[in-house]
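Engineer: For reference, TrEMBL lists these features for the protein:
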ACT_SITE  87  active site, glycyl thioester intermediate
DOMAIN    3-149  domain 'UBC core'
């Protein structure tokens, strides 16, 4: 089996020793490119109090290509579809090899605080966000209470 690159080793060590508030990262002991992530719903959002399971997978050519991230916890958000895929510029065209796993996780946390209905992956959520933000926030809160339970 292939060995982790020095960069992956260093990033994994940094994630373990310099934790990000509201984010818990556990490397898969069987696969050094696979990470289990738990993101706490940010305060003052409809996701507050929720616990969201996310998986992060590094591609073979990391850091030349961005990680793949997917929400395993069902969430109502204009930039996250019903399969858990995330629409986030740094996971696509704004990726740079200078970015790290940590910066991706922080970007996802910010996305929970600041949905962008103008660049949706979930069109139904985006349309509701634009038409009636209050109703969209209530629906996001309902999903959080129903699906994003503490472990």
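Glycine is no exception: its Cβ is also placed from the backbone N, Cα and C atoms.
In terms of burial and nearby residues, how do these features look in this structure?
Structural biologist: Within the same chain, residues at least 6 positions away in sequence whose Cβ sits under 8 Å from that of residue 87 (active site, glycyl thioester intermediate) are 79, 80, 81, 119, 120, 121.
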Engineer: For a three-state summary based on DSSP, what are the helix, strand and coil counts in the domain 'UBC core' (3-149)?
Structural biologist: 52 helix, 31 strand, 64 coil
